[in-house]
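TrEMBL annotations:
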TRANSMEM  52-73  transmembrane segment
DOMAIN    54-245  domain 'ABC transmembrane type-1'
TRANSMEM  85-111  transmembrane segment
TRANSMEM  123-152  transmembrane segment
TRANSMEM  164-193  transmembrane segment
TRANSMEM  199-219  transmembrane segment
TRANSMEM  226-247  transmembrane segment
TRANSMEM  253-275  transmembrane segment
Amino acid sequence: MIGLVGQPRQNIKICQNSAMCLIYPAPPSTKFPDISENAGRVLLLSQDRNQILVVVTIVVVVVVVVVVVVVVLKLAVVEVVKLAVVIVVVVVVVVVVVVVVVVVVVAVVVVELAVVVVVAVELAVVIVGVVVAVVVVVVVVVVVVVVVVVVVAVEVELAVVVELALVVIVTVVVEVVGLVVVTVVIVVVVIVVVVAVVVVVRVVVIVAVVVVVVVTVVVEVVVVTVVVVVVVVVVVVVVVVVVVAVVVVVVVVVVVVAVVVVVVIVVVVVIQAVYE
């Protein structure tokens with residue numbers, strides 16, 4: 001054994017070979033450290049670190065998933081609200097258009113019927129005028145006949161005058177009645193034809209207006225329906241794309257976090273193995 005003498009207060013190594021050394025004077029604690037106990041403590045510390053990393057990873061993943069779900073739900077709610085607003089606006093527009101069209105059609109029908117009534121009244125006035133004119137003519141003719149009879153009665157015999165008066169009166173009455181009948185028939189035929197033509201024309205116009213209005217409303221409804229369907233499809237596609245993108249991002253984030261956790265655990269285990 002080789003001994004080295006030094007200062008009393010200094011620790012001096014006394015070594016026999018490189019495998020066995022003592023320190024003089026000895027440390028205050030005469031108990032040498034237990035290497036297996038230290039190794040167990042190191043192993044426990046490494047296990048604690050691994051558990052902490054796993055817990056942190058789980059917490060991070062849960063937080064990311066919750067955030068993603070909240071964002072997706074918010075986007076979905078916003079899109080649904082937008083779609084509901086679009087549908088309500090479209091329905092209101094269609095209802096307003098239909099109401100306006102119905103009001104216009106009713107107004108047109110009322111105006112057309114009023115025009116027909118005015119024409120009928122005008123024709124009635126014409127008929128009354130013709131009848132009055134015929135009556136006036138008859139009265140004038142009768143007056144003339146009476147005057148002629150009176151004048152002739154002064155100069156000729158009464159029998160001849162009466163006979164002549166009867167002949168004249170009968171002739172005049174027949175002519176006047178025939179004229180009145182023919183005139184009334186002609187006026188009635190003309191009135192019927194004119195009223196029929198006016199009514200047919202008005203009905204054709206009303207039907208044409210109604211057809212145009214109905215076609216316009218149908219076209220508007222079809223266009224609005226197509227627009228609504230396109231908007232719904234676009235919104236659904238956008239929502240699906242957003243959800244798929246978010247899911248892909250979440251999966252990528254989870255995979256990356258898992259890979260990082262695995263790498264960290266592997267590195268810690270390797271370092272621990274090397275350290276031990």
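Cβ from N, Cα, C; glycine included.
Among residues of the same chain six or more beyond the transmembrane segment (123-152), those with a C-beta under 8 A of the stretch's C-beta atoms are 161, 164-165, 168-169, 172, 176, 179-180, 183-184, 187-188, 191, 194-195.
Within the same chain, residues 206, 209-210, 213, 216-217, 220-221, 224, 227-228, 231 sit at least 6 positions outside the transmembrane segment (85-111) and bring their C-beta atoms closer than 8 Å to a C-beta of that stretch.
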